[in-house]
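Everything below concerns the one structure shown next.
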């Protein structure tokens with residue numbers, strides 16, 4: 001009996017290591033970006049039927065798991081509010097150190113509102129650099145203004 | 001008596017509103033990006049003497065405050081571990097929802113290590129879009145590998 | 001020296017009691033709903049110049065405070081993550097008890113996405129009822145779908 | 001052995017995906033609103049015998065589970081005090097940003113007291129809008145006054 | 001400038017010690033129980049005009065403070081979620097140790113619902129006992145049933 | 001293997017639903033108040049041999065479980081420090097809103113000390129009321145004075 | 001205006017350093033143990049009139065402060081739930097590491113109940129030891145049994 | 001497969017109840033104080049080979065468990081930072097109420113440093129008292145001075 | 001099915017006790033420092049294929065576990081944010097007590113930036129000392145400067 | 001009136017910036033290591049009379065402040081349990097990622113016990129490195145064994 005998406009995420013994690021799959025390859029099969037596809041496989045996005053079946057085949061999932069991939073999951077991928085993993089913590093630190101800066105600059109440009117985390121996309125690339133390669137990330141989120149009413 | 005950088009940040013906040021300054025203009029005077037300059041004015045970065053004097057003049061700061069701008073501050077700009085402000089929260093949410101995805105994809109490309117939040121830059125721009133303008137952010141952080149020893 | 005919006009909110013709170021003003025009347029003067037206007041006076045929304053001047057006059061605010069009303073505030077009105085005030089706690093309880101229900105029903109109707117808290121309005125009214133009057137609240141938030149990319 | 005309502009909620013979650021049921025249809029069978037019925041199925045409300053048997057049949061539950069549906073559950077549906085799921089978080093954010101506003105306006109209209117979360121109903125509907133459909137929610141809670149004694 | 005009820009509570013605390021007043025006597029003057037009156041003086045209840053003026057006179061409060069006594073306060077009297085004071089902690093302990101028992105017995109008698117903390121009264125008395133006097137407390141709260149809808 | 005009282009509490013919870021027992025009836029069999037007996041069955045009190053055997057028979061417990069009922073349990077019945085369940089939360093709210101009031105009045109009557117939560121009893125009754133029945137609770141705790149030494 | 005015992009504790013702390021007083025000497029003047037007297041001066045115990053006047057004279061306190069010393073304080077002397085100070089932390093660690101041991105042994109000897117922290121005394125002495133002197137502490141608390149009712 | 005000391009502690013807890021053993025008797029067999037022995041059985045101390053074998057025999061442990069008893073455990077015996085169990089909480093309360101007192105008196109006698117929780121022993125005894133027996137506890141910890149360097 | 005590195009860490013922990021292995025010996029077989037090797041075995045570092053196979057052989061791990069050893073783990077080895085284990089807590093205490101000192105001295109020598117925890121090594125040795133042997137630890141982390149941009 | 005060491009630390013912080021002092025120079029004047037001296041100036045260590053007078057002269061402190069420098073402070077230098085400052089966080093991360101490793105290796109070498117944070121010294125040096133200079137830190141803490149009793 002599968003009673004939560006978390007169980008499916010564990011199945012995917014196990015199969016990925018067992019079969020030596022790569023997220024970039026999974027994404028190609030699914031036909032979407034590696035960022036969205038990985039987030040989906042890690043239990044954060046909702047697949048449509050066709051996508052779910054592809055994912056199911058790649059990771060040898062039972063039908064019940066394929067059905068769960070099409071259910072909107074309870075989101076949030078971190079075990080603690082402040083992440084302990086160094087790679088993820090650096091992102092938390094960016095939000096903590098630069099949080100008020102980001103806020104000031106978006107408001108200066110756009111006025112009161114937010115940058116959407118829903119109408120949003122992310123692209124992560126390697127950036128060659130003689131002093132050591134860099135992680136180059138583009139975040140694009142629609143600006144949503146607060147309106148008076 | 002000024003006994004912490006936080007007091008200087010408050011002086012800057014007060015002067016900015018009183019004088020109607022813009023971060024982009026402050027940055028031009030200082031000669032650096034608006035992201036770094038704003039973070040500095042908000043108490044997260046360390047100015048050198050010349051930069052501090054420019055900031056001091058723009059915000060009518062006393063000499064003691066200008067001296068504090070050259071002292072490395074205790075960083076972290078948020079009053080709570082999970083930010084309540086909607087704009088900043090959306091960034092926390094991105095880290096929470098996409099955290100494991102970011103981790104997987106950086107490791108898939110680079111192996112074990114992190115994206116530096118120190119050897120790091122950020123660029124925030126308006127991205128025109130007929131369906132509603134977007135906030136376009138580029139983050140660039142050096143990849144730092146874990147090494148065996 | 002005013003260095004944060006919180007100081008202006010305190011001035012408004014003091015003046016409101018001293019002068020015996022009502023939010024509904026303030027809202028009429030400002031020309032907006034009582035919900036948005038009150039949120040603005042309590043430091044959660046950003047006034048434009050004309051609105052800020054009206055608020056300033058009603059609450060006898062100095063010019064510096066009127067300037068701060070036009071600055072986007074750091075939002076979040078509660079002193080603790082779980083509110084202790086019984087009226088506000090009941091709303092937290094609704095989110096806690098009905099949270100997964102709200103999630104399920106919005107997803108069943110709209111698919112994956114959220115109800116916006118930015119493109120959002122709220123209307124609070126007295127609902128007459130022989131068994132005891134009721135608080136009748138209408139919340140309206142734009143549905144924002146997650147999209148694949 | 002079933003020793004908590006949580007186990008029954010998991011059985012319902014599993015069966016719902018497996019059988020492709022919809023909450024609206026379940027509610028019709030039970031003969032109550034979709035909001036109350038869903039909350040009940042998610043372990044937040046108490047069914048009477050007849051309702052429990054209908055739910056049991058729809059979700060193929062064993063007799064023991066049907067008995068548990070008639071037991072008042074330990075309520076609270078969220079795994080963390082501040083919800084990580086973006087849809088539910090937006091509701092938490094509304095409480096955080098508008099909390100003091102809601103408090104002020106209810107007190108202005110009714111005096112000291114609360115809006116009940118027990119003598120309470122909720123109705124969630126799709127609101128057509130050319131700029132993008134909206135989630136339209138009506139909350140109705142009895143006003144309960146504090147009394148002197 | 002008085003900008004919060006907390007300031008008035010401090011004035012009352014200071015005056016009570018300075019003038020050596022007793023809560024029971026204050027209550028007699030106000031004409032209500034000692035429980036409600038004390039809670040009001042400690043910033044948890046709302047006085048009407050006449051009551052506020054009596055309190056104001058007893059504690060030598062300025063007019064502005066008397067006005068604040070008539071404003072619904074932000075409730076919650078404890079500095080930490082889990083109280084450190086031994087007397088108050090024992091009450092927290094009773095809730096923690098007996099919480100599920102209280103829940104079970106009220107539900108067994110009344111069905112699903114709660115005991116109101118709003119339509120509520122409390123009476124604290126000394127109970128003579130040869131083995132050591134006891135604190136005898138009567139709590140009376142209206143039962144509020146959850147209803148289907 | 002039973003390695004904690006919590007396992008026995010789960011067995012009792014399961015048997016109670018399965019067999020449709022009532023706490024009041026269990027208490028009559030045990031020969032004690034319904035409050036103490038329920039707290040015992042929920043893992044908060046220690047039964048003597050005879051009582052444990054009666055409980056064991058009523059709930060069909062194995063011998064090992066009956067032995068565990070005679071072991072002093074690790075007390076505390078709530079899964080979170082601030083309870084999410086509305087019925088139990090109301091009690092937490094009473095402690096939070098009235099905490100300083102209870103403290104002041106007990107000290108005014110008795111001096112410095114506490115109301116014991118150990119030498120303590122509780123009685124919960126239905127109180128008929130034409131405006132809606134009430135939950136009437138009597139708490140009785142020995143006053144324990146702080147002494148100088 | 002003195003509105004809390006904390007202010008008096010600060011006055012005592014300041015005077016103690018300024019005048020170079022020792023707790024042991026203060027205790028002798030007051031006529032009680034150094035443990036109880038120090039706890040009282042640090043805002044945890046209640047002095048009677050005569051004791052308060054002695055303390056007031058020793059620490060040059062104003063009359064208002066002497067009045068506050070006779071008021072039962074809100075207890076708890078630590079700024080954080082888990083103490084950061086190494087000396088105090090070691091005591092927290094003893095509770096954490098030995099907590100279940102202490103529980104088991106007291107129950108084995110006395111049955112269900114607690115060791116009182118109210119009917120309690122503490123004595124701290126230097127214990128000479130050739131391998132390094134030791135802190136020798138005697139804690140004595142009345143055993144309070146849970147009783148059936 | 002035993003992969004943590006916690007599993008061994010559970011085995012001991014189960015066997016103790018099943019076999020009706022007493023800590024004092026276990027300690028006699030092991031040849032050490034009841035305090036140290038109990039702490040060891042509860043997963044806080046490390047047994048040597050001979051001691052572990054005695055414990056293993058008394059509690060019918062498999063060889064693998066006996067091996068684990070000789071491994072230094074991850075210490076800390078409480079499920080929450082602030083203990084909910086009343087007996088253990090009283091000790092936490094002593095640290096909270098008397099924490100600064102203990103600190104002041106040890107420093108007054110010894111200067112800056114701590115009382116060790118490692119080079120430490122504890123002795124718990126029944127103290128007969130006509131007004132009710134007491135728990136008499138002696139704690140002895142080596143004083144460790146901070147030194148300059 | 002192995003679905004997380006934590007399961008592999010448990011297998012290693014179990015095998016280490018069962019087989020009586022020493023970390024220093026494991027490190028020699030792997031050909032790296034005992035610090036890095038132990039961290040890897042405890043689920044904090046990533047092994048290459050050859051290293052993983054050696055570890056697998058030493059701890060009798062199945063192939064699937066050996067594959068997981070080559071996957072970058074989610075790092076963080078402590079069950080609570082503030083460690084309860086005395087040995088690890090002392091390190092937390094050093095960070096807490098000396099944290100601002102370390103910060104000041106590194107900035108005084110290097111300017112603004114950090115000491116890397118990634119380009120980092122640690123060496124733990126016994127330091128003979130007639131007054132009692134010492135733990136001698138060398139930490140070496142690359143200094144990473146904040147740069148302007 | 002100075003009522004806590006924190007006030008003295010603020011005076012030192014203010015004077016240090018105003019006068020442009022360096023910790024290394026202060027340490028030379030005091031005649032101790034820069035690590036201990038800085039910790040002392042930041043409110044974590046206790047100066048003797050002579051040292052305090054030197055510190056007082058260097059930072060222009062009033063006599064009352066010099067007296068406070070000789071009082072054992074309440075230790076802990078961080079505003080939050082998990083530090084937000086990136087430099088200090090890296091040290092927390094080392095404890096979190098390597099915590100269990102440090103524990104295992106010290107126990108493997110020394111048996112059960114801890115590395116003292118009291119009988120402890122720290123030395124921070126610049127380590128030249130062609131690939132970028134490093135922070136080289138030596139920690140030396142006496143091993144303190146747990147003993148049986």
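All positions are counted from 1 along the displayed chain.
Yeah, the Cβs are placed from backbone N, Cα and C, and that goes for glycine too.
A quick note: this is a predicted structure, and the numbers were derived from the prediction, not measured.
Per-residue pLDDT, averaged across the domain 'Cyanate lyase C-terminal' (G:77-149), gives 98. Here TrEMBL flags G:77-149 as domain 'Cyanate lyase C-terminal'.
Annotation for residue G:90 (active site): no spatial neighbours, criterion Cβ-Cβ under 8 Å with sequence separation of six or more. Feature annotation from TrEMBL assigns active site to G:90 (among others).
Under the heading active site, TrEMBL lists G:93 (among others). Taken residue by residue with DSSP, residue G:93 (active site) is part of a helix. Sequence-distant contacts of residue G:93 (active site), defined as residues of its own chain at least six apart whose C-beta falls under 8 angstroms from its C-beta, are absent.
Residues annotated as active site in TrEMBL: G:116 (among others). Cβ neighbour count for residue G:116 (active site) (all protein chains, 10 Å cutoff from its Cβ): 20. DSSP assigns residue G:116 (active site) to a strand in the three-state reduction.
Among the active-site residues G:90, G:93, G:116, the ones whose Cβ sits under 8 Å from a Cβ of chain I are, in sequence order, G:93. Contacting chain F by the Cβ rule (under 8 Å between Cβ atoms), the active-site residues G:90, G:93, G:116 reduce to G:116.
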